[in-house]
Amino acid sequence: MALVALGLWALERLNLFRPYLDVTLADGSVSRQPNALTTVDHPWHGARFSLLLDALRDGHPLRWVGSHQGGFPAEFYPLGAGLIDLVVWAATLGQMPIPLVHTYAVGLTFLLPLVGFLLLTSLCRVSLWAALLAGAAHLCVRGWWWSGGSMELIEWGLITNVAAAAFLFLALPLILRLMAGWSGPAAAGAAALLAMAVVTNPRSAIAGVAIAVAVLVSALIRGDARVVARRLVIPAALAVGLAAPLLLPLVRYRDLYYFVQYTGYASIEEWYRSSVQAVSGPVALLTVVGLVMGLLPGAPRAAQVLTFTLIAYAAMTVSLIQIEWPGSLVDQLETTRLMPFQRLLMLAVAAIGVGLILERLRVPAGTKHTVPAVMAVAVAVLYAAAPPTFVPEGDRGLVRIGTYADASMVDLERAVKEVDTKAKPNTAILVLGSTVSWHAQLWSPTWSDRRFFYDDWLWYWQREHVGDYDPDTEHAYRSDASALNPAYLATHGIGAVVVTGDARRDAAGASWLSPMTRGGAYDTYLVREPTEVVTVEGISLVQYLDRQDRIAVSVVPSDSAGRVVVRTNWFPRWEAVTDGPHGENIPVDVIHRADGYMEVELPPGTRSVEFSYVVTRLDQLAQAISGMTLVALILMLSRRLWLRPIARSEPR
């Protein structure tokens, strides 16, 4: 109950129990808006969940995200965290607005580690009040924007990193349970959580290796390595099988993926300082104490494995900093993003270390509970409720900045919907600038089914996008106004512009833009002679249907060859077929253009061409593996079908 109360108190501090706020608009009217998180990356993840939900309603998973900067394969920015949104959406019967769904998914993610702390303290045979101490430090110590604390999750919205770490952390006690004896449900749960971690953030595989190393070292020390290995290889294999639809394409198309490294540790000293900042100085000292306690003879096995896991994970992080590993995947790894899982391990080791000290001192039972409970209250007061001046401001957690319930957000939504209804069909919308944090414009796909382009689009997977930016540095234009020139608008098939900030003056002076009558935080314009997303050369276009993963184009038959240009990012899964003289489908080559888009050459007499984002044989294989693994996972939940040969706790 104390952990529940702590979690509810934290959510209240973050103002999550006021789902709606009244917003006064410029015209004096009042609009009731969701009090949702909307700073930095929250719009990006909320909008992607909206697209995932639309795809699921259509009866298939989201495979191609066509609305973002020309489109990208869904695997290149995995959607695992969106499953938490899906749980919240289903629990509220689909009646909650998407921004609020994502906000409560973030809140749920924030609380997930509390369950792990409780399970680990139980397995380590220390007072369960130690879980309250770890939970208080997790919730109340702010950390940095890559630490995994409230700053990264609540303020910056980096849910993929934090959720993946939480899934891994929840898998750890189940793995410890398997070391003690075979359990079908524990194996199934561990496999599911490990797979969830990987499909949320593939970097999680590094943590999975660290856990495996820790388990094997402990098993070698205790002489039961063979039995433990046999128990754990099954959930590990099942996790890989479940994640196959993500892992196989990532390996297959790894050469097509590019990631800008925004951060990284230049030295071990930077990693050390980041580690201390993630948990605060006092908790870092307790972590050192906990490491010692976990290594002492007689320490519970769970505490020993937890200690080994932290040591192995830290060693792997340091090796990635110090050693130049070959391979494109390692080249694109930001070592700072490994901190959230390390942080959870440090918090658990610190709190359990306190419990182990009290156990060794053989203090009265009441003292074993009182000491960590008092320490937990002290952490909550010092780092969140009433922090004194000597606590660094950067350590003070449970900070809430910004809200979706803002007049400028209402204005942005109205602006996007307005140009959506008036812009030429089959053209994209360019949104320049943001009034709430950096990426408020990334909510746009929740208001319109059109394609969108932005001045700052947060993430990208290739370097061919046309625009005034350096793909090796960041995914934002040097100047918003640079996107307002006619050549840029034509290249991307843009038919309308929504603009705020410095570029408003440039937009007002652009003769190729037709202003729309409106006032507020955003100005809106229609492009006077827009280029559509699909254009033809040498033939006449009749019509076309543009969907996320299918583009059907009808043309006037001609005696000469023609060309169809589609302003969708090229990817090997895109295939095209034309109609033959007898109605048969004839495959044609999809040409990869220099601007990143695609085109096809049409033979004379062609009446139609259809582009499809296909399911390849590799995709089918991955789906089959995942499906069979899921069946095996379900069967493991039945006691009658547990694997008896490996159920022995000791070898014969």
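Glycine residues also receive a Cβ, built from the backbone N, Cα and C atoms like all the rest.
Feature annotations, courtesy of TrEMBL:
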TRANSMEM  101-121  transmembrane segment
TRANSMEM  128-147  transmembrane segment
TRANSMEM  153-172  transmembrane segment
TRANSMEM  179-199  transmembrane segment
TRANSMEM  205-221  transmembrane segment
TRANSMEM  233-251  transmembrane segment
TRANSMEM  271-296  transmembrane segment
TRANSMEM  303-321  transmembrane segment
TRANSMEM  341-358  transmembrane segment
TRANSMEM  370-386  transmembrane segment
TRANSMEM  621-642  transmembrane segment
Legend entry - Contact check, the transmembrane segment (271-296) vs the transmembrane segment (621-642), 3+ Cβ pairs under 8 Å, seq sep 6+: no
Inset, instruction - Among 101-121, 128-147, 153-172, 303-321, 370-386, point out the range having the most Cβ pairs under 8 angstroms from the transmembrane segment (205-221). - result: 303-321
Legend entry - Paired segments the transmembrane segment (233-251) and the transmembrane segment (621-642) in contact, 3+ CB pairs under 8 A: yes
Legend entry - Criterion met for the transmembrane segment (179-199) and the transmembrane segment (621-642) (at least three Cβ pairs under 8 Å): yes
Inset, instruction - For the transmembrane segment (101-121) and the transmembrane segment (370-386), decide whether they are in contact, meaning at least 3 CB pairs lie under 8 A, counting pairs 6 or more apart in sequence. - result: no
Legend entry - Stretch among 153-172, 370-386, 621-642 sharing the most Cβ pairs under 8 Å with the transmembrane segment (128-147): 370-386
